[in-house]
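Novice: Take this structure, written in structure tokens, and hold onto it; I'll ask about it next.
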Amino acid sequence: MVCFRLFPVPGSGLVLVCLVLGAVRSYALELNLTDSENATCLYAKWQMNFTVRYETTNKTYKTVTISDHGTVTYNGSICGDDQNGPKIAVQFGPGFSWIANFTKAASTYSIDSVSFSYNTGDNTTFPDAEDKGILTVDELLAIRIPLNDLFRCNSLSTLEKNDVVQHYWDVLVQAFVQNGTVSTNEFLCDKDKTSTVAPTIHTTVPSPTTTPTPKEKPEAGTYSVNNGNDTCLLATMGLQLNITQDKVASVININPNTTHSTGSCRSHTALLRLNSSTIKYLDFVFAVKNENRFYLKEVNISMYLVNGSVFSIANNNLSYWDAPLGSSYMCNKEQTVSVSGAFQINTFDLRVQPFNVTQGKYSTAQDCSADDDNFLVPIAVGAALAGVLILVLLAYFIGLKHHHAGYEQF
């Protein structure tokens, strides 16, 4: 748990409670902005993270997820007046900031726009960046909410522009708060109004050493990502999640019928994002290496468990599903992607092509059995050579024995 304490701005008060940061790089924020009379004028509670793609000095591309940058400040956050609407402004490191602007109409108020600024000159976050400086991405939202209603959106919302993907979830916000009291009337976003069936989850009973109870093979689903009118990423797979939290092991089969896919495709990276009523996001990030092969580089997950807690893990240093560009990777047998000690993904009937998809169809597949063959060939050759060596030695000793026997007879 990392706590940030904010101090009052002249003319307003601001309280930011502790940030609880899971293994995934995200910010959980709760904000209470007060006016000069110490009455609440704006309330917000939300989670967000940012994924940024940038070019390196060797002309390759990297993808990073923005993480904690130290002490958070709030310069520029205001309740609003007759000339300016309310604004939430958060700074979390030199050159890193996020702003949300609100406007008001006769009977509604709007989350008008958000902007995110990041500093590629920060060598810790953006190692080997080719271009250094502060870049800003602006997004117009115009989300209209009835006055004196609290806006809620637990579902994942994704904003993608240029090389930045912004993720928001568990959002609660009310601007133009009346009489200093946050409303109990909630206005839901469209995604929260649509109920979906949750995937089946099995959790074992806690014990000193718990292991997941074996489950049936998960159903394979087909997922795709489009770039305009063209399909740029294809994936077919059955997914089984193995999660360990607080010595409790869970096995979760992903139901493809209630799982939605989104993502993005770029020249050197591709993202497949899955979400459902319990999975905020399950990201598979692919990358190009040596300009002629692709592989699974990163997996990020954040999801609700049956006990109501949120499980979040990220690993951007993986190396799975390696295949030549222009082909697909296929593995019908069960495989395990080990994301961390607490999280593994079992895949079944896997086929994936994150780059160079043509006419919405898979290209020729490289089968995972080829990897096994590559491993077995040197073993087989070594065994054969060992066998030949043994035969030569046996022949030598037999010949030597007969030679000595001839001398004894003479």
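Cβ from N, Cα, C; glycine included.
The following feature annotations were taken from Swiss-Prot:
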CARBOHYD  Asn38  N-linked glycosylation site
CARBOHYD  Asn58  N-linked glycosylation site
CARBOHYD  Asn123  N-linked glycosylation site
CARBOHYD  Ser207  O-linked glycosylation site
CARBOHYD  Thr209  O-linked glycosylation site
CARBOHYD  Thr210  O-linked glycosylation site
CARBOHYD  Thr211  O-linked glycosylation site
CARBOHYD  Asn242  N-linked glycosylation site
CARBOHYD  Asn275  N-linked glycosylation site
CARBOHYD  Asn300  N-linked glycosylation site
CARBOHYD  Asn307  N-linked glycosylation site
CARBOHYD  Asn317  N-linked glycosylation site
REGION    29-192  region 'First lumenal domain'
REGION    193-228  region 'Hinge'
REGION    199-221  region 'Disordered'
Novice: Count the Cβ atoms, other than its own, that fall within 10 Å of the Cβ of Asn317 (N-linked glycosylation site), considering every protein chain shown.
Specialist: 6
Novice: My understanding is the cutoff is Cβ-Cβ under 8 Å with a sequence separation of 6 or more in the same chain; which residues meet that for Asn123 (N-linked glycosylation site)?
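Specialist: Ala129 - these are the non-local Cβ neighbours of Asn123 (N-linked glycosylation site), listed in sequence order.
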Novice: How many Å separate the Cα atoms of Asn275 (N-linked glycosylation site) and Asn300 (N-linked glycosylation site)?
Specialist: 12
Novice: Inside 10 Å of the Cβ of Asn58 (N-linked glycosylation site), count up the other Cβ atoms and send me the figure.
Specialist: 7
Novice: Measuring Cα to Cα, how far is Asn307 (N-linked glycosylation site) from Asn242 (N-linked glycosylation site) in Å?
Specialist: 16
Novice: I need the most crowded of these glycosylation sites: Asn38, Asn242, Asn275, Asn300, Asn307. Count other C-beta atoms within 10 angstroms of each C-beta and give me the top one.
Specialist: Asn300
Novice: Taking only the glycosylation sites Asn38, Asn242, Asn300, Asn317, which one has a CA atom nearest to the CA atom of Asn58 (N-linked glycosylation site)?
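Specialist: Closest by Cα: Asn317.
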Novice: Indicate whether Asn300 (N-linked glycosylation site) is helix, strand or coil by DSSP.
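Specialist: SS state of Asn300 (N-linked glycosylation site) = strand.
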Novice: With DSSP assignments reduced to helix, strand and coil, which class does Asn242 (N-linked glycosylation site) get?
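Specialist: SS state of Asn242 (N-linked glycosylation site) = strand.
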Novice: Between Asn38 (N-linked glycosylation site) and Asn317 (N-linked glycosylation site), find the distance joining the two CA atoms and give it rounded to the nearest Å.
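Specialist: Their Cα atoms are separated by 47 Å.
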Novice: Which state, by DSSP, holds Asn58 (N-linked glycosylation site): helix, strand or coil?
Specialist: coil
